[in-house]
Structures are given as C-alpha cells and as structure tokens.
Amino acid sequence: MYILHEKFTKVLRKRSRMCMIMLLQLKRCRKFNSSLDLDLTPLKTFQDSTNGLSLASDPAGIVNFLNMVNNLQGDSGRGYYMEMTLGTPGQKLNILVDTGSSNFAVAAAAHPFITHFFNTALSSTYESTGRAVAVRYTQGNWEGELGTDHVLIPSIPGTLTINIAAILSSEGFFLPGVNWQGILGLAYPLLARPDSSVEPFFNSVVRQTGIPDVFSLQMCGAGLSASTTADPAGGSLVMGGVEPTLYSGSMWYTPIKEEWYYQVEVLKLEVGDQNLNLDCKEYNMDKAIVDSGTTLLRLPVNVFNSVVEAISRTSLIQDFSSGFWGGTKLACWLKGETPWRFFPKLSIYLRATNTSQSFKITILPQLYIQPITDVEGTLDCFRFGISSSANGLVIGATVMEGFYVVFDRAEKRVGFAVSKCAVNGGIAVSEISGPFSSADVASDCAAGGLLKEPLLWVISYALMAVCAVVLLILLLLLVLPCRRRNRSGEITDESSLVRHRIK
Ligand SMILES: *[C@@H]1O[C@H](CO)[C@@H](O)[C@H](O)[C@H]1NC(C)=O
C-alpha cells in the first residue's frame, strides 16, 4: 500500500503557509500534492502453490523457514495476508502484508466490510498509550489510538510485544470482499505514524527474537484465471532469512537507495527487446519502490505513455480502446483463446550491488494482462496490470508475483529470484538475467531533480531563505522612506503604500 511520507510535507506546507502570509503575492510557494493511494481493487482469485518442500534451513537455530512456507493467503487484487493472534487470551486476525508502510494497525471496532475485529477490552495485556494516530490514503484513511499488546505469529517462538494502532474509525480502507482486518507495515521507521519513534513490527521482532534483519516474500497468484471465490492463492512471508526451496536460479540484489520505503534504482525499461530509451531519471521520478500492498505495476506518466505506445505497437492489436490502457475497460476474447501470445515481455533493469552492473527482471504478459472473473459466459476478460502514477514507480504485486523477493535490511539490499510458483500453464511467467554493464547509464538515476526527502528539506529551507530576504527588503522599504521623509519631508507613493499595507 502506498502511503505518503507526511512528515516533511507537513513541514513544507507549514513553511509554505508562513511564506504565503508574509509575502502574499509571492507565488513561489509550491503546494505539495498530499494525495495517497490505497490500491486494493478486487481482482482475481485462486491458485494453490504446491511447493516441493525440501530440507529446512535454520541458520540461526531460532526459526524454521519451512514452517513459514505457505503462511499467506490472498491475491494481487485484494492483497496477501497472514493469520496472527493478538492479545490475551488470543484473538485471531488476518493481517495484510504491506512493504509500503510502517504501522501495524488492526480494526478495533466493527465495520460493515469486516467480519470481526480486535476487541482491546477483552485483552488483559493490551495497554493504551493514549496517543492518537491516523493514516490517510487517496481513497481512504483510518484513525485510532496507539497501544501495545502481545502478538503470536506462527513459526516465531515466544510472545512478542508489538506497537499496535487500534483502528477505531476508517473510510475506504476496508473494502468489500477483503478477508483481512489489519495491516502489517514492513517498511522502515521513517514512515511510521505519528512519528518514527513508534517501532515498526519487524524491528520489534528482530530486537526481541534475535532473528536476522531479513524477511522475504513470495506471492503465488501469478496469471491465474479467476474462478470467482474459491480459495485464495497462497504465498510465503519468511521472517529471518531466505528459504532456498522457494526460488530457482540465482538471487540478484539491488541496493536500497534510502531506508524509508524500499527504494531502489531503476536504470532501464524494455518492452519486448526494445529499449524505451528514456532518461533513466524518468524511471525514478520521484522514486522507485517495491510495495507488496500495491496491486499494479505503477509507472510515472511519461514512462507509462511510452510503455503503452511500445506495447500497442508490438502487440499487433491496433484497435484497443484507450479505456483498456487507462484501466476503465476490459479486453475480452472468446473462451480458451488466451491473448498472451499477442503481447511482449516487459523488463525492468535494476542497479546491481556492483554499481557498474545491472540485472533485469522480466515479466511475461501472463503477469500484466490479468484475467478477471468472467463477465460473460462465452468470453475471457482481461485487464491491463499497469497504471500511471504521479508519485513514483511502484513495483507492486503484478511484478512481485513473478519473483521471490528478499528484503535484506541487514545488507541494505533487495533481492530478486525467479519464484517457483510463478508458473502458468506449465510456462514460467518471469525471468531474470544479468549481469549487464551499466556504463551507458548515469551513475545515479535516483538523484538530481527529484523530490526526495533531503531535497524537500533543501527546498523548504530555500523557501525560508527567500521569505527572509524579501521580508528584509520589505523592512528596508519601510525604514528607508521614513528616513527620506525626515530628510525631505516628503512621502513617496511607494513608501505610503508599504506603510499602509503593514498597518
Ligand atoms: C564490477 O563490474 C565491473 C564491470 O562489469 C567489473 O569490471 C568489476 O570487476 C566488478 N567488480 C567486482 C568487485 O566484481
């Protein structure tokens, strides 16, 4: 789920307001778009991931990774969730796994779209901190109070004490058809609300259990024909390391540029074998992140237009309505006539840990031309799994379903390997290859001209400086004419104007 990092926009907004007040008509004050996305549109359903299990990998001797295989349920449209037990005595809840936010928040009051909630009054170990907390998204928000309680997660021994945001009211957050009642934000403290002093769930787990500061995620809903409800697809959230039975081939790592979201650096995009050839900064405008809580692959507007142009050129199907690319219309074929062969592969090049190299993750059309529950009996309908974004590139579930993704926080890197469950009709729907030289790419595609946090601070301070300078000029204008009047006894139009305004 994509949340906006509100802390600095608030600062910026406050600065902007000050600037506005002081300088009225000085139109320098940039308004920052505070919109947020909640991206959980209902989509497809079921697949059973039948992973051949092999030997347990248990390097630290604390957890057994194999016990965590298949601990998730869900799909890309409604998210992947895990069952957890909260409080004393335990209350079972399904919790959405989200690498794009940092609060552990659960429903603590009834809501029409959820079957049950965490009743804090029934837990003897729940402690309220009395602090209010709220998160806003474009299409929704929630509010609640901060507390702590015991949490049990399958395969992690012992009782953990975790910060919990108890959601008391919400709008557009819980959606019809979702089978989860809370959200597990797995990103860094910088994104935690109300501030980064609220230790995120996984930080608490690592501190209290001593497991390695690594988790990995496999989501198994790849390219499946949706058959209405049935059982949801499976997946795995492995806490503490990497389970080798979940992937094939090599694991490729890309550095985490900054620790807030899982921000990575995209160097290049290819549609088919065609390089899009955009300035690599466009791909990271204003950031590129890996977010399990976002359904689609989201691309900055320029990149999106360019990708759509390239896909429609190569797809040999010229008569798609723009509604299909825009996400408002489905494309349907006669049953059994899957359209994937008409579409090209899509490759994303990521900076390798050896920064003069890159590797590419490739998704087949089976991942981005997504089957949805049939609307008409004789037709199979599909939607476009890529959308345009005003706040950066988001590698969402559409792409992640092709890979086993390792969030190696200890080494500040994100790993990708071909997921063993990313198979459709016997065909692997993802590929990964490298290394490629990145000599032809800028040394830093994620810097310069980008509204990253440090830059926002610079901008806000620059605004302050501008304010200060102009205020100084105004004061001088006020003082100087006064002196002049003392000398000459005359009041110029200009000085009186200024004086009237100040009065
Ligand atoms: C990094 O990549 C460059 C270019 O491919 C290569 O020459 C160099 O040996 C690599 N460095 C390491 C430490 O592998």
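Each residue, glycine too, has its Cβ placed from N, Cα and C.
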From CYS421, CYS445, CYS467, partner that TrEMBL gives for the disulfide involving CYS220: CYS421
Disulphide bridge to CYS445 as given by TrEMBL, partner from CYS280, CYS332, CYS381: CYS280
Distance check against ASP291 (active site) for the recorded positions CYS280, ASN354, CYS381, CYS421, CYS445, keeping those with Cα within 10 Å: none
Cβ neighbours of CYS220 (disulfide bond) where a neighbour is any other Cβ within 10 Å: 29
Among CYS220, CYS280, ASN354, CYS421, CYS445, which are recorded as recorded positions, the nearest neighbour of ASP98 (active site) by Cα: CYS220
Reduced DSSP assignment, ASN354 (N-linked glycosylation site): coil
Least surrounded among the disulfide-bonded residues, given as CYS280, CYS381, when other CB atoms within 10 Å are counted: CYS381
Candidate nearest ASN354 (N-linked glycosylation site) in space, where candidates are the disulfide-bonded residues CYS220, CYS280, CYS421 and distance is Cα-Cα: CYS280
Of CYS220, ASP291, CYS332, ASN354, CYS421, recorded positions neighbouring ligand 1, Cβ under 6 A: ASN354
CYS280 (disulfide bond) versus disulfide-bonded residues CYS220, CYS332, CYS381 - nearest by Cα: CYS220
